[in-house]
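Peer 1: Structure in structure tokens, see below.
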């Protein structure tokens, strides 16, 4: 209900009008006075006075309303400008009369305008705006004379009482402003009111209490935090002062402490050396002389614990180790502390020696357990270890590694991993050497090592070197073992055979699979802790997994393992020590902290240096000093270990396979063949040899790895320093601080080798396991580089074959979007069959990301290219030196500048970030320039930075160099450098090369062109004439010749193979899926189509058929498929009549081909053009099991045309054969004379009878011209599917054709049928127009524009025809830019195609153009001026442009007589697309007036030329037969003087079959009608059943009457009623359930769509029947006997509701 103040506001506007003004009163007095003067006694009546007053009042009101309207419009514009988006217009309303207004006599109010304004208070921020309203105002017609309608609606926050109060206030204010503009003032008043009441909405008391508590708690916490910060600041200031003071004090004592520590270390080292010397002598004496001492007892305890642990399971190992510790502790109580430590060291030292000996023996398969036991006995006699320890040398014991792990867990840098001994056990040689040979080799190696090192060969010396290096070696060995709980997939599945190659990235090993026994190549790559580098490494795996080609190395699988076990590839040569420095024992033995006890304590104390005591500091200093003294012994032991390993590994002379020799037969995916960094492109430094370059690549890659490791440590060091400083401030421990400072300074004075080894040691400690990537690939025995170096002793054809294989492989790689970037002979391999395999995709990248490499990708690229790319030694070394200086100077700077605190750390971090950015930039630049010397293109040298991006043409440049090396052999390496440099820079070939290999030289020049755009792609190279033909191509051609010959004996075998079911299962799932999910566009073909689709199709077809029946059209069906006549159609428009068919059918199995020996179809205008249209949309070609090609019809009109042509060809053959018999009869009569008159008369009688039944072609055409054939057809046409295995696309189409008449009336009738059809359809009537043009006018247009090329015509016409949907400037842009047409030519096109309108309007424009253009006003024939149409006698176009316009005028007259609206036919000259489909005359389209301008139908004249000339035949046999016939005819004419011209002209003349027709896309029509019908259905159904989901989806017809029953046992009654109705001709239906529920029957009756529902009810013994009319909503009671009579008398029409 509206508020009461609103009613009050309407009262002023409803007051009676004011009295008339004085002018009106004077007018009334004048009227009265004039009446008195004229009439004398006559007085005016009351009616005249009232009428005069009414007129005056009306004129006054109209003038007033006009003035007020202008004033209202001005106010509305001002308000809209002021409030902008807050002003919204509304529809005005009329307040009708109610009881109150009728009683008071107030007239209804009519508003002229109504609007709404959003009012907010005067608040700047929306967050503080808590209230807002909508002020709705309505202007009466007499506003502002009367009050406006004002209404206040709450938008936000304002209570309803306040809104009523504001509305009353505004009404009161408006009463005082009558006659003036007031809305803006009212808005200001409303804003003031809202500003006063702009309060935050009130909430509950609990919420207010909670919010208040939160505010108080926030304030309290803020105060506490401020106090805590203040206290912390004071404490920091106090600690800073104390620390500064202590720092200065410690600095004064620094020099003294330094000297004391040196003296202390020297003294301790001397004492320890003397003690060790005495202790070792004692041990030797005890073991050699045989006295049993406490030490032996202790040793027996150890042996017991070890043996016990060996016999038990793995779970008892901890107990064994605990027993060992307990026994150890018990024995130590009887001795001094120093002796107990030494005894423990001796026991562990002996165990370590045994472990090292066992590991060394595992690498030699010729060593047996007997050999090891003999060697152990000799070592026992020397006193190296106890006899009870010999059990640890058992190579088949798998539990020993766990014992070593428990004993040496304090000395190992990483946890022990188990080594798989089962693999090595299988490789033991049964025919081993004798023990003497093995033992002599062992001791000879030891003697040689001691001689080289200058030491004595005493047992004490060997024992001491084992002590010094044992820890290091043991640690190194521990790195190469695997956890017993982790099974190595690599060692369990594969057996290593040979190392094929090694690079900076990893190794490639030849292995044998233990399961299948085949050989493979496995690439082992060590992964980095940096995830970005790992992603770069894994890029090769991803690339290989995408490639599957016969000339690309096959990829099998890849996996990652956490570590790598010992194998022949792990003990590398000297040049690989730097590559795997973290795994080599030599690199660890170089470290000074290699002793077991000292190394452990130093590592523990260095991690807890801030919390350690002064005593631990002294111990650490002692041990570090000892490490410096023992460094020489460690190096000595390292040399011994290396020499010993080489003897064991390379005893058979196979050490050469592990070297980086580039001249051997090694196979490497990471071959460093002439690797280089293009930024340092120095050829003189690369001449030294391949081995030197390869070694440099490995060393530089090592430097890059060291640089990355150091950078990672440098990132973590500031954080560690910061945490250390915080601990110092809290603990205030100046001693630990001074200790750290002294420690850092002592470390900075160590040599560079020691600092590098210590950094390696830290990296090893941090990483518990290092993952390896294994890539299993195809094993190839040879590489192309071996052949190019020694010379390819092959025939020229074989070299071309190999080159073609390389090109095919690169074409496939480039087709996958991959750039190899490192194509060279070392990366091209041969398989076992001698075919090419392209490999090493370590540098391959995606072609799309070449020009936009991210910094991360560039960094990764630099890492991945280490295998085939040598970096700049100067640049890399400078970066490494900078990093080392930073690591050395950073601790000093930190402790010297510790006063500056956090500021110094921030500066260091900023410097580190800047250096890292510079390093990334350098790496990005270097990475972009990847490749191999002499094989990189100029754009590769320039890199990818900036605008010089490269693509797959860089591989083609490399291919050119490779191709040159395949034809030319270099005598020396120096010659190779000079020749390749001249070839790259100057394009100069060696002498006699270009003369002997001219084709090769041309091809090489193309490939190494400096402009990438001029280089051919791999696909273009395969198709080039410079490439010799492929042998496989010749095989294919020969096979095609065989299988296309039906007389060949293998022809039927080939067909049986093609039609076998071996491959049908590959496409069966696609076929069945399409059958089940994608229904055909022909709705009648769908078994489960919905109800409305079937109804719409039936109704539309009935409407069209009704219209066609009125035009006397009959249904004539054409075959859906036919024998194909042209497989590859070559558009040959306007051929000469004498020319034969371009292509003919390859088989002669049909009767049609046999019977058309003298009658062929001339491939002239329409046939070729129609075939071209078919080619564009795609024909559906099928083949039967006999090899016959069949074509599914593409268009109903084309099918009808082919059908007519075939019928007339058969007619011509029949007519010719008939007259041939007549000629024979006449010939017989002339020879026999008149001997038998009776027989002659009978024969003439038969001839006359045959003449009456046989007609010629021209006679039939003459009859059809008077009464043409009108036919229609509803059918389906097919299009070629887009995917293999799918069904051809099926479309519904309707066509109407008029055959036999050349008159324009047939064209007009076709368009008349078109308009009647679309006018009868509700979805298209008044929403379409006919787009008309003439074929002859289009041809004149092309002649006027100056375009003669047929292809260009079709392309331009396709663009120009889009003017109905696109503006001219868009079409003009395409013509200028895409087709490159001159501007004048485009302007000429515009003068034609922009002309459209009704037929009279366009004719006026064309007449004017004809007068101004001599080309159009001439009388020349179009056919004579058009070369493409010079002999087309069948074209029915006029000879001049004037005649063409007369045709259009005549057509317009026909339209007028047929009552076709002139506005429905648009003469559009831009409609020129598909004009080649039509041969002559009119062509038109039916276009919807909607935005998309969709085409629903096309039509026009497509006459078919028919040539019955027997001189042109499709086969030689027919030509010979026809020539014989001609000779016989000529002889007959000459001999008998018979006039044969009549008969010869009957079939020696070209005929024209006139056809005009219409094709309608029924799918589009069905869709539109279905949508409209569905809307009507939803309106008819109740709201509860109006949804599509509740409608019947699987029913084929709609009943008119539906019978239901309410009660049991009425099923038979329902069936009886349905039967009676059906017998009477009504469509009745019921449910097929005997006793359904009433609800089910009610739903079924409604959803069925029936017009009438019969309900049967049973009340006692009586049965009542009610008939309900759904449309009229009426029910009638009908008896059982009168049901049929009821529907008969009701004039029931079953389809009245469905008429369209």
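The backbone N, Cα and C atoms fix where each Cβ goes, glycine too.
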Peer 1: Swiss-Prot lists region 'Disordered' for one of the ranges 1064-1101, 1178-1215, 1216-1253, 1254-1291; which is that range?
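Peer 2: Result: 1216-1253 is the stretch Swiss-Prot calls region 'Disordered'.
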Peer 1: Quick one: sort out which of 1134-1160, 1296-1322, 1323-1349 is the region 'Disordered' according to Swiss-Prot.
Peer 2: 1134-1160
Peer 1: Of the ranges 1457-1481, 1482-1506, 1507-1531, 1532-1556, which one does Swiss-Prot flag as region 'Disordered'?
Peer 2: 1507-1531
Peer 1: Looking at 419-453, 454-488, 489-523, which one does Swiss-Prot call region 'Disordered'?
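Peer 2: Going through 419-453, 454-488, 489-523 one by one, Swiss-Prot gives region 'Disordered' for 454-488.
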Peer 1: Taking the Cβ of residue 822 (active site, proton acceptor) as the centre, how many other Cβ atoms fall within a 10 Å radius?
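Peer 2: Summing over all protein chains shown, residue 822 (active site, proton acceptor) has 28 other Cβ atoms within 10 Å.
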Peer 1: May I have the DSSP-based helix, strand and coil counts for the residues of the domain 'RWD' (74-197)?
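Peer 2: Summed over the domain 'RWD' (74-197), the classes give 52 helix, 34 strand, 38 coil.
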Peer 1: Reduced to three states, what secondary structure does DSSP give residue 822 (active site, proton acceptor)?
Peer 2: coil
